Amino acid sequence: MSTHKLFALFFVWSVIKPESGENTVKYMGIPLEIIITLFFVATVTKKWKDGSLNRNGLKLIVVTTAFFTSQFISLIINWKSHDSLQTFLFVGLATVAVTALLPMSWVIFVDRFTPEDRWIGLGILLFVHLVALIQLMFPDLSKSLIAPTLGSDGIRPGAVNSIMSATTVYGTFSAITLVFSITGLTSAKNWTWSLHEGLGVFYRFLFMFIALLSVIGGILSGSRNFIWSALVGCTYIALAIKHTNKKLLLLMLLSSLILLHLVAFTNKTIGSKLAMTLPYIDKIRRHQDLIIKDFIPQFGNGALSNRLSIWKTALDMWQEKPLMGHGPGSFRLNNIFPQRLNVHNFYLQTLAESGIITFLIFLILVFLIFKTIRSSELTGVALTAMAALVFDNFLDYSPSWVLALAYMLSWPLKQKEPAGDRPFPATGVAGCP
């Protein structure tokens, strides 16, 4: 089964849920985790036996294994912090398991990537954004549409979340698909190659449509993290990719800014949220006099929805147990901030819950990943995701976000790229890395 079909299957699986349930991890997550683990083991075993697992791929697997082993050791060391087997499994172990989906699914997707069926994977990304558009235009219809998905858990008046579990999850998903789509457009000779020129035009149009809906959906989600992470990714594309159409990027930026302010001034929910960081929005809405200071973005504790307080707590936790941390899921168990299930920063959460040893292994893993994709435009997609993780931690609770990221990071960039340069080379497809 190709990458695109597998992604469609896994992604749909990850967003489906029963009408009622205790938490998102229990809906479909456990069987999905088992299936992906089996696929991962089968993929690595096959590569090992046929000798196609090169040195770079082996390093990635070893360091990834070390990262999750370190997390698991931290969990075992701190097992007494769990008052029951249920919290140990569905808070502690589940945190490690969901995070493990990213490297495992990425290995699977890279290994099976072929140029055929690309429309299936892109169609899934497009569908998510179309549901968000329906949510805006036909809210009553959208409720029945997203009822059997995680989207029903995250509905907020005045904002869209599509079939994702929260508006911020969908917002950063939009940022990643935006950068991914722009990369597809700027890399058209590589990403839309086909025996049929007509199909090449089709894929360019598809990338353009996804990019447009990503901007609209990201803004309508009300997620400030969308603005931040999309800005990081697009800045990289503008500065680092030589053949990028700078005029097109500038036009998209100006159009996005206009749309952002139109939404902010007409949508009370989104406008109020943006005004926390951009004071001039609130003053214009209230017809108050403006001063220069109002145009300076605010990054205080209130403007960041109390994140500074949460981050300080995480640092205090790390200082108490600097080497191996308090164990995965411990921040949630401490219940210091009842409405916050994680630290809202992946990096600080790794420090607080798993300690400096795990964090250093993670840095080595990041280095190897960027070394793997250093010659490709996928760096922009990876940077967008890393920027999004500064203000939230989707890796420990949102399998759909993780799977979408792994899929977009699996795309081959260069048609003539030597197979040996990729850690898990695809096989049997002429012209495909």
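Using the three backbone atoms N, Cα and C, a Cβ is placed for every residue, glycine included.
Record features, source TrEMBL:
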DOMAIN    210-363  domain 'O-antigen ligase-related'
TRANSMEM  28-45  transmembrane segment
TRANSMEM  57-79  transmembrane segment
TRANSMEM  85-107  transmembrane segment
TRANSMEM  119-138  transmembrane segment
TRANSMEM  158-180  transmembrane segment
TRANSMEM  201-220  transmembrane segment
TRANSMEM  226-241  transmembrane segment
TRANSMEM  248-266  transmembrane segment
TRANSMEM  346-370  transmembrane segment
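Beyond its flanks by at least six residues, the transmembrane segment (28-45) meets 6, 10, 13-14, 16-17, 53, 61, 94, 97-98, 100-101, 104-105, 107-108, 111-112, 399, 424 of its own chain at Cβ-Cβ distances under 8 Å. The largest share of C-beta pairs under 8 angstroms with the transmembrane segment (201-220) comes from 119-138, of the ranges 57-79, 119-138, 248-266. Beyond its flanks by at least six residues, the transmembrane segment (158-180) meets 15, 24, 125, 128-129, 131-133, 135-136, 146, 149-151, 210-211, 214-215, 217-218, 220-223, 225-226, 229-230, 233-234, 237, 267-270, 380-381, 384-385, 388, 392, 394, 397-398, 400-401, 404-405, 408, 411 of its own chain at Cβ-Cβ distances under 8 Å.
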